[in-house]
Amino acid sequence: MDDPDCDSTWEEDEEDAEDAEDEDCEDGEAAGARDADAGDEDEESEEPRAARPSSFQSRMTGSRNWRATRDMCRYRHNYPDLVERDCNGDTPNLSFYRNEIRFLPNGCFIEDILQNWTDNYDLLEDNHSYIQWLFPLREPGVNWHAKPLTLREVEVFKSSQEIQERLVRAYELMLGFYGIRLEDRGTGTVGRAQNYQKRFQNLNWRSHNNLRITRILKSLGELGLEHFQAPLVRFFLEETLVRRELPGVRQSALDYFMFAVRCRHQRRQLVHFAWEHFRPRCKFVWGPQDKLRRFKPSSLPHPLEGSRKVEEEGSPGDPDHEASTQGRTCGPEHSKGGGRVDEGPQPRSVEPQDAGPLERSQGDEAGGHGEDRPEPLSPKESKKRKLELSRREQPPTEPGPQSASEVEKIALNLEGCALSQGSLRTGTQEVGGQDPGEAVQPCRQPLGARVADKVRKRRKVDEGAGDSAAVASGGAQTLALAGSPAPSGHPKAGHSENGVEEDTEGRTGPKEGTPGSPSETPGPSPAGPAGDEPAESPSETPGPRPAGPAGDEPAESPSETPGPRPAGPAGDEPAESPSETPGPSPAGPTRDEPAESPSETPGPRPAGPAGDEPAESPSETPGPRPAGPAGDEPAESPSETPGPSPAGPTRDEPAKAGEAAELQDAEVESSAKSGKP
């Protein structure tokens, strides 16, 4: 600012400012009065007059328009040099607002204007005689029919409720013409109207409307509506400096509109707001830079506060309505605490790359509790989702856990099985305590250990049976039957009822220290029930043959059983399919895999009850043999059992008695001597 004394905005005392203004502006006082009068001339000469301030301002780049400064300072100080005319008791402005006379020249009553000119924008734009009557001033204008406002009329304007109501309606009429709407009469809050775009365009093209807005602001301050001034000025500062929607109004808003506010505190707030949003700030000439930097406004008005209210109230489907209310501003009372923290872009949630399916599923469930998310899944559905995700990411060669549907099928198959109390109790506890979708992964036995075990068992059988063809054929049949569910060298591992891994492949020989299975015994051969594992199966036993109690390993399955044989319920692994069975062969319910079928069973044969693993069936037993209920694994099908085979007692450990050893030696010798096929 070149001359801060001509503006009392930042002065401590108004009287000192007036003295300084008289001292520094003594030479230009008359010219300032003439410019003030010329600023409110008749509208017929408004357009040429509006071009002169802009050309004058362009020649004063980097400095302030002092003519506007003096004009507004004179208005704020109530025209100290103005000599009021003798009106002889005439009050034309009061008569017009009382709807007693028409405005001149060629005018109409005020009620006609307020009621019929609301949407007639062409008439409001082209008629240049009504504005001096709607918003009278104490300054004379070019329309000599419109008389200046007197102090007596000012007092009546302020005291008459009827006149105040019409004055507010006239203010709303002109706001609508400019694309603005009055939102609150009490505070003076204004905002964009629905048709603001077209009206703003007209406001940019027709610069004489800037003079009309200056007159409106001055008249509001004169006639007791000062609280309407600051919100309207704030609106234009936002539109010109922040949104840059009204470039044709920008200079007038800085030179005239801001300094039409008579309240010094509000005026300082507006100047500081303009300084904050003016670019470049170093060229701001409407206030002292040092005082603007030190100034701390009591309320921090935010230029986009009106837009936030529009977003809250406006309908989302109406772009005109959204745009019309985007520039809403607040009055002095509403500007306190109006600051708003802009919401930046929200960062996207980053999921760790090494997160497994369980962590990702938990993240999905945690994110599902938001407002726009579906309801959280039940525990059962959550576990199913986890199981499906783990199955998708599991390699195809790796066996996956049992699903809930598979466990349910197993439970249904077990309903008809006659299990022992110990196995039923153990299986029920372990199945009930295990989650359906979280079965224990099976651990396969090393291939080398399994091959060594099979070779050792085979050697035991070969030593007992010699080089007889019967033993060789029986071993071949046993290997063929055992290899059908799982190929040799790739044994199939399964799960028992209580989740313990068990071998489904048939064992070819007993462990060391356990009695081997006799073969080729002419007498009846009772088969003992299986212990932890089934005993090996005898082959070609024409007569009854007592068998010792089984040890930890299962007995191999016999073949060619002429008599019928009811099969007990299967364990976790299936029995082989029956073939060449002339007699009836009832099959027990299947557990995890189908039970093996007996082959060539012409006569009935009861089987003994199984232990933890099923006893393999003896071969070539001509007599009937009762079948007992299966344990954890199914009993393999017997074959060629001509005589009855009563079942002996079951033991988990091999028999150590001397009788069993002697009986075994006798059987081995008899089988070696007899060369029966």
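Glycine is no exception: its Cβ is also placed from the backbone N, Cα and C atoms.
Looking up Ser315, Ser577, Ser597 in Swiss-Prot shows the phosphoserine annotation sitting on Ser315. Checked against Swiss-Prot, the residues Ser525, Ser557, Ser585 yield a single entry marked phosphoserine: Ser557.
Range 267-283 is the one annotated as motif 'Bipartite nuclear localization signal', of 131-147, 267-283, 284-300, 437-453 (source: Swiss-Prot). Here the candidates are Ser8, Ser307, Ser403, Ser496, and Swiss-Prot annotates Ser403 as phosphoserine. Of Ser378, Ser517, the one with phosphoserine in Swiss-Prot is Ser378, while the others lack that note in the record, though it may still apply to them. Record check of Ser361, Ser390, Ser539, Ser559 in Swiss-Prot: the feature phosphoserine is attached to Ser361. Scan Swiss-Prot for phosphoserine across Ser382, Ser488, Ser671 and the hit is Ser382.
In the motif 'Bipartite nuclear localization signal' (267-283), the DSSP tally of helix, strand and coil residues is 14 helix, 0 strand, 3 coil. Across the motif 'Bipartite nuclear localization signal' (267-283), mean pLDDT in this model comes to 95.
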